[in-house]
Amino acid sequence: MEAKASYTRDGTVDLRGRPVLASKTGKWKACAFLVGYEAFERMAFYGIASNLVNYLTTQLHEDTVSSVRNVNNWSGSVWMTPVLGAYIADSYLGRFWTFTISSLIYVTGMMLLTMAVSLKSFKPSCSNGICNKASSSQIAFFYISLYTIAIGSGGTKPNISTFGADQFDDFDPQEKKLKASFFNWWMFSSFLGALVATLGLVYIQENLGWGLGYGIPTAGLILSLFIFYFGTPMYRHKVSKTKSPARDLFQIPIAAYKNRKAHLPSNPSELHEFEPQHYINSGKRQMYHTPIFRFLDKAAIKDGNNMDASLRPPCTVTQVEGTKLVIGMAMIWLVTLIPSTIWAQINTLFVKQGTTLDRSLGQQFHIPAASLGSFVTLSMLLSVPMYDRYFVPLVRARTKNHRGITLLQRLGIGFVVQVIAIAIAYAVEVRRMRVIRVHHLNGPKEIVPMSIFWLLPQYVLLGIADVFNAIGLLEFFYDQSPEDMQSLGTTFFTSGIGVGNFLNSFLVTMVDKITGRNGGKSWIGNNLNDCHLDYYYGFLLVISAINLGAFLWASCKYVYKRESVEVKEGCVDLVEGKAIATSPLGLQV
């Protein structure tokens, strides 16, 4: 009995499929290796993303709109490919092996990109600091390298964070408490890698060479893989209990439609559900019925059309509730797209805006415009420990919620801070345009006599907002996903960022075309000293405020996952919010 008790209660196994001892595997001693990988991987990603717009304009001679569009399209692809990677992991290979294959593709892309900016035959020739236009083959090789990274990221991004969360047993009270802080510290390591990229790598790229600036993160990424595999004996692996976890997403609506004329019982207990013993034997989690999307409950009607002996039996309440969860998460996902569009400004228009300002620090040193993004990371690094060590315990004592505040309340706070950040960005840009008029500046390369540190508040506030909404979103989509779809569930987080980048690309392109037609002055022109970027920021402010209202509405409609797991030792209830009440913010508690 003592030997049995020492095994994990959630059914996790080692790489060979054997049950694992709780004392020798998982928890933070396993996550330490994963966190090391994450820091290096984020250093590699942000080493590219934070300064890519400058490489495209200065080395490949792309115009402002094209460079912003291409950066957004690539970033969008990086954040969208995880949908495919998560599906492969949940349905076929599992998180570990999907990550392994994808990481090799990622490293290959980084090596190709380093070659593209280093070898003379792959990069444009330069003379006296002026580069010739890149040939078609050079441009093709550069973008093939970039999108190889995007493909590799598709398998690593959704699986490494969920694999880390798998190292904590939900049915062990102590481990569940540790897991509540996992995503905070996971993102802390991510921010640390981003800080090194925006402070160190950006400076190296602009002053010591792009080859060295890309070569360092490539070497770091290879090193991080050795660190990751060194921890293999300590990892816990979740066993998939469903062959095709995404099948219910299609099966439930179809079954409900077939039973559309059947009478829906008012008592949920009359719907089809397995006996508790089934869940005890299978180790699956049984979900409680929730009073939303009631039409889907028709898929679980016992005496519906699907009770014909020649057809498959009705769906269970647990299956129906899983589909309801995904639909509810999709509602929240929709209202994260505009915040992701705002975030996309950090590596695009904020950088181009910074290049027009006074970047001198003393007489000799000039701050790279992209390095100001390090203040986003610094504010995150300072805010995460404060949030986890001070804010959560203080609020927990009052709310009795182990997270301090609920997941949706955390998102709401982040979105409010982000609206304030874009309002400040608009005000700063209005001032920049006023200074331009006062000094009669007009040339695209004329420096505005206004310190780049005027942009600091918007960067800092976006960093603080990210502690609430980025970490909150990752935790929300992992926590609220059906049991066998947690990798796929976290792709709501990555795909939201991806669609946000595509949306920003679309907005920039359309705004430029509409405002610049018939000889008009474009809001986003090649010459940022002679356009109306302030109008564009004002437009973003308006849609952000509208989106905040939409989020408050969606959060009031959302019902948290309510499930229990019956194990032989007893029953464990896992419910985010047992009472569906409304807080002063209008968010569920």
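Heads up, the Cβ atoms here are built off N, Cα and C, so glycines get one too.
Look at TrEMBL and you will find 96-117 (among others) tagged as transmembrane segment.
What TrEMBL lists as transmembrane segment is 183-204 (among others).
Under 8 Å from some Cβ of the transmembrane segment (210-231) lie the Cβ atoms of residues 30, 32-34, 36-37, 39-41, 43-44, 47-48, 51, 55, 59, 103, 106-107, 110-111, 113-114, 117-118, 123, 197, 201-202, 204, all in the same chain and six or more residues away from its ends. Annotation comment: TrEMBL describes 210-231 (among others) as transmembrane segment.
Marked as transmembrane segment by TrEMBL: 325-346 (among others). Listed as Cβ neighbours of the transmembrane segment (325-346) (distance under 8 Å, sequence separation of 6 or more from its ends, same chain) are residues 50, 72, 75, 249, 292-293, 373, 376, 408, 411, 414-415, 418, 421-422, 425, 459, 462, 466, 469, 473, 476-477, 480-482, 485, 489, 492, 495-501, 503-504, 507, 540, 543-544, 547, 550-551, 554-555, 557-559, 561.
The transmembrane segment annotation in TrEMBL covers 366-387 (among others).
Residues of the same chain lying 6 or more positions beyond the ends of the transmembrane segment (407-428) and with a Cβ under 8 Å from any Cβ of it are 332, 336, 339, 342, 345, 350, 454-455, 457-458, 461-462, 464-473, 475-476, 479-480, 534, 537-538, 540-541, 544-545, 547-548, 551-552, 555, 558, 560, 576, 583, 585-589. The annotation transmembrane segment is assigned in TrEMBL to 407-428 (among others).
Same-chain neighbours of the transmembrane segment (459-478): 161-162, 165, 183-184, 186-187, 329, 332-333, 336, 339, 342-343, 346, 350, 372-373, 375-380, 383-384, 387, 407-408, 410-411, 413-415, 417-418, 420-421, 424, 486, 489-493, 496, counting only residues six or more beyond its ends whose CB sits under 8 Å from a CB of the stretch. Residues or ranges marked as transmembrane segment in TrEMBL: 459-478 (among others).
Long-range contacts of the transmembrane segment (490-511) within its own chain (CB-CB distance under 8 A, at least 6 residues past either end) are made by residues 65, 68-69, 72-73, 75-80, 82-83, 85-86, 157-158, 161-162, 329-330, 332-333, 336-341, 343-345, 348-349, 473-474, 476-478, 481, 522-524, 536, 539. Taken from TrEMBL, the feature transmembrane segment applies to 490-511 (among others).
Feature annotation from TrEMBL assigns transmembrane segment to 535-554 (among others). Among residues of the same chain six or more beyond the transmembrane segment (535-554), those with a C-beta under 8 A of the stretch's C-beta atoms are 331-332, 334-335, 337-339, 341-342, 345, 349, 411-412, 415-416, 418-419, 422-423, 425-426, 429, 511, 515, 523-524, 585-587.
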